[in-house]
Amino acid sequence: MGRRILILDTTLRDGEQAPGCSMNFHEKLEMAGQLERLGVDIIEAGFPVASPDDFRAVEAVARQVKDCQVAALCRCVARDVERTWQAIRDAAAPRLHLVLATSPVHMQYKLRMTPQQVLDCAVEMVRLARGLCPDVEFSAEDASRSDPAFLAQVCAAAAQAGASTINLPDTVGYSTPQELGALVAQLRQKLPEQVVLSVHNHNDLGMAVANTLASIQAGAGQVECTINGIGERAGNASLEEVVMALHTRKDYFGCETGIRIRQIYRTSKLLSTITGAEIPSNKPVVGGNAFAHESGIHQHGVLAERSTYEIMRPEEIGIYRSKMILGKHSGKHAFQERIEELGYRLEGEDLEEAFSRFKDLADRKKEITDRDVEALIRSTAVADLREAYKLESFVVNSGTVISATAVVKLVREDGQVLEQVSRGEGPIDAAFNAIDRIVKMDSHLENWSMQAVTEGEDALGEAVSKITCNGHRITGRGLSTDILEASIRSYLNAINKAIAIERRDSLETQRLRALRP
Ligand code: KIV
Ligand code: ZN
């Protein structure tokens, strides 16, 4: 048994702060469920005082998750600490995570506080938090650019006041492995043994994972990371890279985690589907090329003996490729079996929905690969089944000598069929304009992208449309072998989500009105 390293996943907090990675309420719950299956020790669910939406999402995650701790971040401000506690107090194992900067530049220009004020504030707020929550983490923001003696003084005082985890963030990704390792070793000596020392590394100079591993070697007992390395600016240390480095080089690090590594690929894909942020093909562990062998010499070596060029096996992280291809004659039983082989579990309405999408796809695509099946399952898992509008049909005309026109027919949930014609800058713009004319929502398309799920002429395409609507940023996804249809479905998916949010907001307003004296 190696030394057990705790994994705090901050995908739903630091990760979600990254541009293009925002998630709505349902998406956060979906992601939290998968992080629980992945086996992280602590889910940092969000920053509840940031907005009522954030509060609601953290509260729902705290109530839903049973198998790991749920943390929420807050500033060292009394009302924030109290409000944040309200969001997580129903969790099976809540954690209040307090942050206060300790570097000269942050104290002087951001906090406008003297070092003594910072020290006093840290102690006072940790005491307050500890009076509310049995588990408190204290983060010394910008720790790597802080004066080491002052940092040690604040961390020791916070631990003395009741923080059981002390986190040293390399907030701006400035540190190097040797430097951070030395800082962790120094702090480890100064803090009581029962206090867990944690690191939180940003990737501005591409060293987040290396810094995290060096910190573990120097005595860190907890590491904070995100799926696919998403996070502020260049992101955070990527969970899958840290975990697979510890797993693959256990001989060297002598450490282990509680992560179920077979869930890694699925978690990474789910996040990418939810946020629409693609995984670069050369991304370690989960990128499309991570297990691809292109050169003849490598292919020959791998065929003769895998370990010539493979240090990890794709199956270990849950990439499973079956030799059996599904097609239009495959029945529900075969489809369900394949889903289970791939490690997913779909039941009831979800299974029916996925199977009906599979049948639609099988009518258009001769061979359905595991990647197609995974894309179908992912889009079913994140689909809002209570769609206000469903696509009935569309016709689009476009070319170099005419302006694009689209006719789109939608079926509203009350059964009414609605049709509109519109022009546009191109076929997609024309189709989206026709949808806008039907649904009459005050929304704005921010971004649209398209990605092939599999190779070949009949490849399945996955379109992502990002819209803003009443201040909410919403991501919609659509799948089809036809890129126009995938695009229309992605836009409609975003619109349906916007309608669901609007309905939820108006219910909340009615509830608050009813509560007024
Ligand atoms: O980067 C950082 O300093 C943080 C803290 C809030 C932990 O995200
Ligand atoms: Zn951070």
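Cβ coordinates come from backbone N, Cα and C, glycine included.
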Of the candidates Asn228, Asn236, Asn282, the one that TrEMBL places in the Mn(2+) site of Asp14, His200, His202: Asn236
Neighbour tally for His202 (Mn(2+) binding site), based on other Cβ positions within 10 Å of its Cβ: 25
Surrounding CB atoms that lie within 10 Å of the CB of Asp14 (Mn(2+) binding site), all protein chains: 25
Listed in sequence order, residues not in Asp14, His200, His202, Asn236 with Cβ within 8 Å of the centre of the Mn(2+) site Cβ atoms: Thr10, Pro169, Thr171, Asn201, Asn203, Ala208, Glu224, Cys225, Thr226, Gly231, Glu232, Gly235, Ala237
For the region 'Regulatory domain' (390-517), the number of residues DSSP places in helix, strand and coil: 46 helix, 53 strand, 29 coil
Other C-beta atoms that fall within 10 angstroms of the C-beta of His200 (Mn(2+) binding site): 28
Nonlocal neighbours by CB distance (under 8 Å) for Asn236 (Mn(2+) binding site), same chain, sequence gap 6 or more: Thr10, Asp14, Gly15, His200, Asn201, His202, Asn203, Ala208, Glu224, Cys225, Thr226, Gly229, Ile230
